[in-house]
Amino acid sequence: MLSNSVNNNNNNNNINNSNSNNNDSNIHKNVKKLMVASIFGGIMSSLIVTPLDVVKTRLQTQNTGSHINQKHVFKGTLDAFKKIYKNEGPLTFWRGVTPSLLMTIPSATIYFTSYEYLKEYLYQFNDTEAYNIYTVPLVAGTLARIFSASVTSPFELLRTNSQGIVLQNAYKNTVAMAASSSTATIGTIPLSSEQRFNSFKLYRDIVNNVGIKGLWRGLGPTLVRDVPFSAIYWAGYEVLKNKLMKSQIDPNFSRNSKSPFFINFIAGATSGTLAAVLTTPIDVIKTRIQMSAQQTLSPSLTPQQQLDFIKKNNSSIYHLKQILSQEGWKGLTKGLVPRVAKVSPACAIMISTFEYIKQSHIADDN
């Protein structure tokens with residue numbers, strides 16, 4: 001009896017070890033598939049929606065200059081598209097696409113892969129529908145976004161500044177021409193070759209002025225914006241996908257079932273739109289903080305004044321007060337239309353492409 005018991009235990013241990021090894025093997029296989037899916041989806045969405053991101057950044061930062069009235073540089077989204085196309089050329093709409101792609105590859109890989117594995121890990125603790133649909137996406141989405149945003153923050157800083165630099169250069173040109181032309185308008189002056197954006201110079205200036213930590217300028221507001229966005233998005237996506245599948249296609253749909261491309265597309269676009277609308281005010285503040293990285297410290301300032309200057313420009317409260325006092329509540333909604341127009345298709349393209357590649361490749365392996 002004892003011998004049989006020992007043999008049974010050994011057999012069970014061997015089976016468990018075999019299952020564990022198989023699971024580890026599947027995890028390594030799936031990591032590669034998830035990485036391919038997330039990278040491909042991220043690249044596709046970046047190339048398609050970058051023009052909308054450029055317009056959003058311009059609208060959010062056009063009032064950051066001083067000394068002359070910049071309120072009518074761009075009157076709205078369509079006006080921004082027209083003026084940028086007319087005065088700067090169509091390629092300007094893809095300004096920042098290189099740092100955007102550099103950011104997309106590690107960000108999408110870390111974000112989606114982390115989300116998938118955190119989700120599978122959290123599923124072990126409960127198997128109720130409410131837990132799987134609401135709690136798991138909220139927690140997994142939050143943790144995955146914190147990790148990916150922290151890693152890619154320097155690339156986000158570069159992308160934001162490369163898209164907004166033209167506006168501030170145009171402002172400098174306008175000031176120089178103001179004495180000879182009373183009709184000079186910001187956004188209508190062509191840039192000189194010397195004013196092309198230099199990413200290395202930006203990083204060097206930031207490090208020289210505020211140290212290496214300056215490359216993570218805006219990370220706080222980015223997390224404040226992206227963490228709730230991620231939680232809202234994933235919870236909304238999972239809930240909507242679940243409801244659409246059960247009502248339209250499969251009443252017995254579960255988390256392990258496949259969902260078709262168009263269901264993922266609709267759920268991604270809808271949840272992305274909701275999350276974008278709710279987090280736009282934070283996005284405006286984050287953009288202002290990151291654009292302030294271009295401001296250099298005056299050598300005439302004392303060390304304490306320099307420290308105060310840096311703290312002020314890194315403060316979300318300071319920029320919030322500035323926006324409210326100079327632009328009112330509407331200032332917090334600047335760039336809402338292009339942001340939603342960018343985020344909605346980006347979320348739809350990203351998640352539907354990701355799910356399609358993930359499901360097809362993992363299914364092939366199985």
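Glycine is no exception: its Cβ is also placed from the backbone N, Cα and C atoms.
The following features are taken from Swiss-Prot:
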| type | residues | note |
| --- | --- | --- |
| COMPBIAS | 1-25 | compositional bias 'Low complexity' |
| REGION | 1-26 | region 'Disordered' |
| REPEAT | 29-121 | repeat 'Solcar 1' |
| REPEAT | 132-243 | repeat 'Solcar 2' |
| REPEAT | 259-360 | repeat 'Solcar 3' |
| TRANSMEM | 35-55 | transmembrane segment |
| TRANSMEM | 96-112 | transmembrane segment |
| TRANSMEM | 133-151 | transmembrane segment |
| TRANSMEM | 175-192 | transmembrane segment |
| TRANSMEM | 262-282 | transmembrane segment |
| TRANSMEM | 340-357 | transmembrane segment |
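Nonlocal intrachain contacts for the transmembrane segment (96-112), taken as residues 6+ away from its ends with a CB within less than 8 angstroms of a stretch CB, comprise 34-35, 37-39, 41-43, 45-47, 50, 53-54, 57, 144-145, 147-149, 151-152, 155-156, 158-160, 162-163, 199, 350, 354. Same-chain residues lying 6+ beyond the ends of the transmembrane segment (262-282) with a Cβ under 8 Å from its Cβ atoms: 221, 224-226, 228-230, 232-237, 240-241, 244-245, 248-249, 332-333, 335-336, 339-340, 343-352, 355-356. When averaged over the repeat 'Solcar 3' (259-360), pLDDT in the model lands at 82.
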